[in-house]
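Data block below; observations after.
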Amino acid sequence: MSAPINGTVEKSYVPGAELWCQEDETAITEPYTYVNSMPGKDVRGRFIEAANHWLHVEPEPLAVICKIVAMLHNASLVIDDIEDNSQLRRGQPVAHKIYGLAQAINSANYVYFLALKEADQLKPYQREGYNSHEIILGALTSVSDFAAQDLLYSVFSDELVNLHRGQGLELVWRDSLRCPTEEQYIDMVNKKTGGLFRLAIKLLTACSSNPSTIDYVPLFNLFGVFFQIRDDLMNLDDNEYEKNKGFAEDLTEGKFSFPVIHGITAQKDNSVLINVLQKRPTTPPLKLHAIHHLRNNTGSFKYTETILNSLETRLRGEIDALGGNPGLLKLVDLLSVRK
C-alpha cells in the first residue's frame with residue numbers, strides 16, 4: 001500500500017465538503033441558472049401570491065414557498081427540454097444545447113435536492129398542531145402513518161413522485177405511439193402539471209396563520225388541468241408561442257396533446273395525425289398539414305376551446321364559492337381563451 005506524498009495530498013483524500021466553494025456551486029448550477037434567468041410570466045408565483053389572499057402566510061415563509069416552486073419548475077424545464085429534444089425555451093436555445101446533456105441533467109437533479117433543503121426553512125412556521133393529512137396531503141398521498149412522517153417532506157416527496165409519474169406516462173405514450181384517452185390524459189396532467197400547484201397550496205396551508213380547514217387542493221387541480229390544456233392549444237394555434245418556443249413544437253416532439261388526442265379519436269380511421277407524430281416534423285409543411293386537419297377536418301381546436309370555456313366557468317364558480325379572490329380571477333382573465 002503506497003503512502004501519500006505529503007500532508008496536503010493526504011488531506012485531499014479525506015471525505016468532506018471543506019473544499020467546496022461558491023465558484024464550484026456556480027459552475028454546477030449554471031445550466032439551471034441559465035433557464036432561471038430567462039424572462040417569463042411567472043404564472044405559478046402569481047398563483048401563490050393570489051392564493052395567499054385566503055391563507056395569510058407571513059412574508060418570510062411565503063417567499064420560501066415561491067422560491068421552492070420556482071426552483072422545481074425551472075429544474076423540471078431543463079429535464080423536459082432534454083426528454084423532448086427541444087431546441088428553444090422562451091425564445092432562447094435550450095440549456096442542454098449550450099452546456100451538454102450531462103451537465104444539464106446533473107444541474108437540474110441537484111436543484112431538486114436544493115429545493116428540498118429550502119423546505120427546512122418552513123418548519124418554524126408550520127401551523128402548530130395542524131396534523132390533518134386529509135387537508136394537507138390529500139388523496140394522492142402514499143403516507144400510511146402520518147404521525148411518523150414529517151409533513152413538509154411528505155408533501156414534497158409525494159408531489160415529485162406524481163410529477164415524474166405524469167411525465168413518465170407522457171413519454172411512454174409518445175415513444176410507443178400509443179394515443180391515450182382523454183380521461184388518461186387528464187389524469188396524467190393532474191399528476192404532472194398539477195403537482196407543483198398542489199405542492200404550493202399544501203405548503204401554504206401548512207404555514208397558514210388562518211385556522212380555516214377549507215381544502216383548496218381541488219381548485220388548484222382544476223387550475224393545473226386548465227393551464228395545461230390551454231398550453232397545448234397555444235402551442236398549435238398561437239403566434240406568440242411560436243416565437244418563444246418554436247412553431248408547433250409539440251408535433252416535433254411527437255406529443256399527444258389534448259387537441260391531437262381529440263383529432264385522432266374523432267376520426268379513428270384516419271391515420272394522418274399518427275403519421276405526422278411518428279415523423280417528428282421539424283419543418284412547416286407537415287406541421288401545417290396537421291394543423292389544417294385539426295382545425296378544419298376534426299374541429300379539434302374548437303372542441304378544445306369549448307372544454308377550456310367549461311373549465312374556466314368551473315374555476316370562476318369555485319373561486320366564488322370559496323369566498324372570492326381578485327388575484328386568482330385576474331389570472332383566469334389572463335389565461336382565458338374566450339374571444
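Quick reminder: no glycine exception, Cβ is built from N, Cα and C everywhere.
Note that the coordinates shown come from a computational prediction; the quantities given were computed from them, not determined experimentally.
For the isopentenyl diphosphate site that Swiss-Prot gives as Lys41, Arg44, Arg90, the extra residue drawn from His56, His73, His164, His262 is His73. A coil conformation is recorded for Arg90 (isopentenyl diphosphate binding site) in the three-state DSSP classification, outside any helix or strand. Within 8 Å of the centroid defined by the CB atoms of Lys41, Arg44, His73, Arg90, the record's isopentenyl diphosphate site, lie the Cβ atoms of Gly40, Asp42, Val43, Gly45, Ala70, Asn74, excluding the listed residues themselves.
Distance between Cα atoms for Gln228 (dimethylallyl diphosphate binding site) and Tyr112 (site 'Important for determining product chain length'): 22 Å, as a whole number. It is Arg89 that, of the binding-site residues Arg44, His73, Arg89, Arg90, Lys255, has its Cβ surrounded by the most other Cβ atoms within 10 Å.
Neighbour density for Thr193 (dimethylallyl diphosphate binding site): within 10 A of its CB lie 21 other CB atoms from the protein chains shown. Comparing Cα positions, Tyr112 (site 'Important for determining product chain length') lies closest to His73 out of the binding-site residues His73, Arg89, Lys255.
Looking at Lys255 (dimethylallyl diphosphate binding site) and Asp231 (Mg(2+) 3 binding site), their Cα atoms lie 13 Å from each other.
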